[in-house]
Ligand code: SF4
Ligand code: FES
């Protein structure tokens, strides 16, 4: 195999992937209506085997990847998770488990810790069990999550919680943060729902209004002050939704710049949402990761700025935000090379403004949410 790393970094083109997201499975006991998994996830049948995942980890580490996230679906569904964690530790990765906590118990927490897992992040849906049940499609999950959050901390990990905010729970942010405080959380990511995958399907029922968002930011700020006054060290990270920004994020730090996702079936993607784009992605079962990263048409498609259209092409900010998110551009305009409509310089920005206007309508909260499920997913497999 050619060693691309030296020449690529030396000429300032492409560096190594630093982050590897291993989406071990799309299977999940929950049905969150904001799930970012692809709508047609049911079409993915042949998950990588344990040996194939170990080969992926080995190749990625040899290329220079240092951060490894295990996600899904629910990664705990995989019985070989402990084996993969141990192998990742042996290879020298810093490992993070991104989980709903369904499938976790004390014995498994200890097994994962013994295997060398560095970090666990548990998602919460709400403070109110009824809202949590409605959004995730499970009446039992909420209590389980709370118990496992405590167990993770007792096992010596920091308690890191992730709460996806949307119009059904954002008004309860005060009680959500109070719950995290009571649990003894060390860090809480208050991540406003980003609109990909199933969340895009449910956008009308999930996107909060500007007023809700501003109130939530003020609540977070009040809590930060209150926590500081008490000397309580619980970090609150508030992630603003793209739809209320006027410049896009530099998604994934730029296409094929630092981030690589391997999907459950071995598809290698520049981001977890990219398989919805109208292009072919290579598979780790068929090609070495190094060749995929440096040489594949898919990974080179939106690198640099040659692919950009106006207004990005001549914009002074194009190296800062790399024109935004390709998946968002495609979902909103049908053209993955378009300027991300989140940008207020984009000719398509009116699409974002229209979504904000719709979200201002209180009646939207009554909108039924489609839970992520395999039966519904089959419809998209056929489309
Ligand atoms: Fe970024 Fe393009 Fe907007 Fe300029 S026009 S700020 S490069 S998205
Ligand atoms: Fe795919 Fe932004 S989520 S490029």
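Placed from the backbone N, Cα and C atoms, the Cβ positions cover glycine too.
Features as listed in TrEMBL:
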DOMAIN    14-233  domain 'Radical SAM core'
BINDING   28, 32, 35  [4Fe-4S] cluster binding site
Number of Cβ atoms other than its own within 10 Å, given for residue 28 ([4Fe-4S] cluster binding site): 23
Env. residues of [4Fe-4S] cluster site, Cβ within 8 Å of mean position of 28, 32, 35 Cβ: 30, 31, 34, 37, 73, 74, 100, 136, 198, 372
Neighbour count (Cβ, 10 Å) for residue 32 ([4Fe-4S] cluster binding site): 24
Confidence summary (mean pLDDT) of the domain 'Radical SAM core' (14-233): 94
Cβ-Cβ distance under 8 Å to residue 35 ([4Fe-4S] cluster binding site), same chain, at least six residues away: 28, 197, 198, 199, 372
